[in-house]
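Input: a single structure, listed below in structure tokens.
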Amino acid sequence: MNSSKSPGLAGFGILKNTTCHTEKKISVFFSIIFMTVGILSNSLAIAILMKAYQRFRQKSKASFLLLASGLVVTDLFGHLINGAIAVFVYASDKDWIRFNQSNILCSVFGICMVFFGLCPLLLGSVMAVERCIGVTKPIFHSTKMTSKHVKMMLTMVCLFAVVIALLPILRFRAYQIQASRTWCFYKTEHVEDWEDRFYLLLFSCLGLLALAISFLCNAVTGVTLLRVKFKSQQRQGRSHHFEMIIQLLAIMCVSCICWSPFLVTMARIGINESRSKETCETILFALRMATWNQILDPWVYILLRKAVLRNLYKITRGCCGVPIINLHMLELSSIKNSLKVAAISESPVSSRQINLQPLSSPGQ
């Protein structure tokens with residue numbers, strides 16, 4: 001009998017010959033720490049976002065704040081649900097046969113792992129596309145990217161992730177208990193059936209595609225901001241450009257470093273079939289790396305903002321022994337003013353008018 005098609009027996013065969021042994025105390029410690037830090041950081045990020053959304057509700061920044069809110073809310077529930085199930089599994093001494101007779105808990109755990117893993121990646125790519133459009137096409141962004149459209153995009157992304165997570169259940173393919181006996185996911189051991197390989201490749205390809213789109217759009221956004229900064233000769237958007245470039249670099253680095261090991265590992269297992277040599281320890285380490293991305297998301301998107309950057313600038317200038325002058329240059333202009341600078345720089349008539357204006361003196 002093919003165990004992948006039998007919901008009542010799926011996953012239990014792996015418990016007979018477990019090749020992955022994890023220290024219970026260390027594993028429980030990691031699970032509790034990851035869950036607690038993730039919940040606290042994402043809760044703080046949600047509070048900051050809600051306050052900022054009330055300020056910029058009718059401005060162009062509202063679309064970014066809505067997408068960021070969707071991201072941190074997804075991360076929050078991911079840590080809350082997945083973390084609670086993981087702690088329960090450890091507290092029950094990983095005795096799946098006792099508390100998972102009908103394989104319901106493993107199926108729920110697997111669905112949550114896929115949904116809360118894929119949804120933030122897709123939302124990150126949507127945020128990158130939104131920022132790219134907002135910087136390169138500010139007029140189109142202000143007229144077409146309304147709050148209603150952003151909410152529709154959030155709904156579509158979540159529904160798409162739900163469909164991908166439910167796909168094995170709809171195809172009567174139960175999620176499998178992994179070799180470490182601490183989590184459930186697609187079948188990763190003795191993968192021989194084409195459908196099992198398809199799920200692994202689908203998840204990894206969608207994740208890698210989301211990372212590629214984010215990298216490309218963020219690169220285009222960063223280059224455009226630098227061009228506007230050096231071309232417009234305007235001071236009003238400099239600090240905003242600095243903030244955006246720092247955030248874009250941090251977003252790209254954190255997402256690629258945290259998610260690439262897990263996505264590449266799943267892709268290798270799906271491609272190499274039963275000849276895959278990925279060990280349980282390797283998969284578990286890659287999973288913990290991916291978990292760190294959800295912890296760092298609110299710190300990158302929300303907490304690395306104007307006040308922090310301004311204070312870091314003051315501390316750096318003070319430590320280097322350079323007097324802090326012209327601090328008004330660091331006062332952050334709104335996104336609306338920055339988009340105006342981008343629109344002016346793209347207009348040939350406005351560019352000629354700007355070039356004819358006399359340069360401001362340093363003291364102004």
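Just so it is clear, glycine is given a Cβ too, placed from its N, Cα and C backbone atoms.
Here TrEMBL flags 41-301 as domain 'G-protein coupled receptors family 1 profile'. Per TrEMBL, transmembrane segment is recorded for 26-50, 62-90, 102-129, 150-170, 198-226, 246-271.
Within its own chain, the transmembrane segment (198-226) has Cβ neighbours under 8 Å at 114, 117-118, 121-122, 124-125, 127-129, 131-132, 135-136, 164, 167-168, 173, 186-188, 191, 241, 244-245, 248-249, 251-252, 255-256, 259-260, 263-264, 266-267, 269-271, 342, counting only residues six or more beyond its boundaries. When each of the listed stretches 62-90, 150-170, 246-271 is scored by C-beta pairs under 8 angstroms to the transmembrane segment (102-129), 62-90 comes out highest.
If you take every residue in the domain 'G-protein coupled receptors family 1 profile' (41-301) and average the pLDDT, you get 84.
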